[in-house]
Amino acid sequence: MPLLDSFKVDHTKMPAPAVRLAKVMKTPKGDDISVFDLRFCIPNKDIMSEKGTHTLEHLFAGFMRDHLNSNSVEIIDISPMGCRTGFYMSLIGTPDEKSVAKAWEEAMKDVLSVSDQSKIPELNIYQCGTCAMHSLDEAKQIAQKVLNLGISIMNNKELKLENA
């Protein structure tokens, strides 16, 4: 089985919060599809709470679209990593990492401004597979931690695993 791109980087060297351009590929029509690693926690040192991660999943994608989508960039999806240390963001176009970091920072401020749990999008039995597993307070704690620590840019060359 071929090694996935996400396993070709040394997770012991990853800073967090940090942005990494993980992959760029071309569609058959020549458009760039980019995948960003938005690392909220240092791998194997910290983890996002289950409920906080789920609530962020509902809030983060919309807020990131508000701050990053443009004539040359369109977010396809933002999904939490199974390890709960971050999210992957797939998009059409390839914004620079500083723009992604700025949009992420603004999105975290937006999370902090959500007034109560009833304002979480798609939080109902029809649109969410586990609608009882949410915590706006935990999502806000995650967002505040990102803002307190600041978002850095990861260097793929420094993270590359030998023989990967």
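Yeah, the Cβs are placed from backbone N, Cα and C, and that goes for glycine too.
What Swiss-Prot records for His54, His58, Cys128 is Fe cation binding site, and it gives sequence analysis as the kind of evidence.
Each of the binding-site residues His54, His58 was scored by the number of other CB atoms within 10 A of its CB, and the lowest score belongs to His58.
The record gives His54, His58, Cys128 for Fe cation. Within 8 Å of the mean position of their Cβ atoms, the other Cβ atoms in that chain belong to Thr55, Glu57, Ile120, Glu122, Leu123, Thr130, Cys131, Met133, His134. A C-beta separation below 8 Å, combined with a sequence spacing of at least six in one chain, links Cys128 (Fe cation binding site) to His58, Glu122.
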